[in-house]
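Colleague: Below is the structure I would like to discuss, written out as structure tokens.
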Amino acid sequence: MNFSLEGRTYVIMGVANKRSIAWGIAQSLNSAGARLVFTYASERFEKSVRDLAATLEGPESLFYECDVTDDAAIEKTFSTMKEDIGVVHGLAHCIAFAKREELQGEFVDTSRDGFLLAQNISAFSLAAVSKAVKPLMTEGGSILTLTYLGGERVVENYNVMGVAKASLDATMRYLANDLGKYGIRVNAISAGPIRTLSAKGVGDFNSILKVIEEKSPLRRPVTQEEVGDTAYFLMSDLSRGITGEIIHVDSGFSILA
Ligand code: NDP
Ligand code: N5H
């Protein structure tokens, strides 16, 4: 069994800064010897991504701009990537967005615009990028996305994003069924709360983490590195029998009533 990712190439979408879960994934895959391809939504985060990637050892990384709301941008990104590198072995989708004002108060007040925006960026984008990366995954491989418990249960304030994650989870399962015959597995990691740029300013994060410290079986929050190592497992041949699955990396919180 080959645990190393040497000679393999993985696309990582959604590094905003060093706190991003996507960056934890990048570091784990890099430690295993993988070559990495980073995509960022706009020029605003290009420098941050390039500066972080420059700290990695091993194979040179590649960089592409890709706003997942733009079909033409997705098509251009992945066709250029195919010309540049040919084959990729996996993709980590670490992207979500909802209007800040809809991540508080009651879900019943969600606007049509806000609902569709959250679905578009946080759920449909997985289907769109899977379709675009499929022609590059000629040797099979693994696609993963990041989800949250609020898609399975009602979690205060998660609101419109909870409905988007439920949609993302189902999208992941339908993609797993379609792409299995090409040797492509599709899974999700359901991460416990981690302080990132997205999480900043939404709700009272300190009190959310306090609940995790008091109640979760492991009595502590999870880290980007722990999610990264599960991503490494899902990208590697160790997980070759797993597809259409949600793996909770959450200190066991999801087993609680
Ligand atoms: P970050 O803020 O670090 O990452 C969010 C990313 O989404 C950013 O890199 C942002 O790109 C990207 N993004 C938003 N809109 C677009 C777009 N239109 N096109 C392309 N990219 C876009 O936060 P996290 O690391 O926390 O989030 C990553 C994933 O993890 C999300 O799916 C989130 O829901 C999930 N998650 C997070 C948890 C947490 O507690 N933090 C818990 C469970 C799941 P850019 O910066 O270039 O704008
Ligand atoms: C129950 C909670 C706490 C409340 C809900 C948080 C939901 C967060 C998810 C979305 C992705 C956050 C979001 O879209 C924020 C934006 O409105 C504003 N931020 C930005 O625009 C920044 C600059 C960019 C980088 O952000 C994005 N996304 O592009 C959930 C928490 C316990 C767990 C959690 C934080 C889950 C999650 O999905 O992230």
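Each residue, glycine too, has its Cβ placed from N, Cα and C.
Quick paste from TrEMBL:
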| type | residues | note |
| --- | --- | --- |
| BINDING | Gly14, Ser20, Ile21, Asp67, Val68, Ile95, Lys165, Ile194, Arg195, Thr196, Leu197, Ser198 | NAD(+) binding site |
| BINDING | Ala98 | substrate binding site |
| ACT_SITE | Tyr148 | active site, proton acceptor |
| ACT_SITE | Tyr158 | active site, proton acceptor |
Colleague: Within the set Gly14, Ala98, Tyr158, Lys165, Arg195, Leu197, which recorded positions show a CB-to-ligand 2 distance under 6 A?
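Modeller: Close enough to ligand 2 are Ala98, Tyr158, Leu197.
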Colleague: When you measure from each Cβ to the nearest atom of ligand 1, which of the binding-site residues Ile21, Val68, Ala98, Leu197 fall under 6 angstroms?
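Modeller: What lies within reach of ligand 1, judged by Cβ under 6 Å, is Ile21, Val68, Leu197.
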Colleague: Tyr158 (active site, proton acceptor) has how many other Cβ neighbours within 10 Å of its own Cβ?
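Modeller: Its Cβ has 22 other Cβ atoms within 10 Å.
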Colleague: What kind of secondary structure is Lys165 (NAD(+) binding site) part of, going by DSSP in three states?
Modeller: helix
Colleague: Tell me, if you would, which residue among Val68, Leu197 (binding-site residues) has the fewest other CB atoms within 10 Å in the structure shown?
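Modeller: So among Val68, Leu197, the binding-site residues given, the one with the fewest Cβ atoms within 10 Å is Leu197.
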Colleague: Of the recorded positions Ala98, Tyr148, Tyr158, which sits closest to Lys165 (NAD(+) binding site) by Cα distance?
Modeller: Tyr148
Colleague: When a 10 Å sphere is centred on the Cβ of Tyr148 (active site, proton acceptor), how many other Cβ atoms does it contain?
Modeller: 24
Colleague: May I ask you to report the DSSP-based helix, strand or coil state of Gly14 (NAD(+) binding site)?
Modeller: coil
Colleague: Report the nearest neighbour of Leu197 (NAD(+) binding site) in space among the recorded positions Ala98, Tyr148, Tyr158, comparing Cα positions.
Modeller: Ala98
Colleague: Non-local Cβ contacts of Gly14 (NAD(+) binding site) (under 8 Å, 6 or more apart, same chain)?
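Modeller: Listed in sequence order, they are Ser20, Ile21, Ala22, Thr39, Ala92, His93, Cys94, Ile95.
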Colleague: Counting across all protein chains shown, how many other Cβ atoms sit within 10 Å of the Cβ of Ala98 (substrate binding site)?
Modeller: 24
Colleague: To the nearest Å, how far is the Cα of Ala98 (substrate binding site) from the Cα of Val68 (NAD(+) binding site)?
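Modeller: Cα-Cα distance, Ala98 (substrate binding site) to Val68 (NAD(+) binding site): 14 Å.
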Colleague: Taking every protein chain in this structure into account, which of the binding-site residues Lys165, Arg195 has the most other Cβ atoms within 10 Å of its Cβ?
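Modeller: Ranked by Cβ atoms within 10 Å, first place goes to Lys165.
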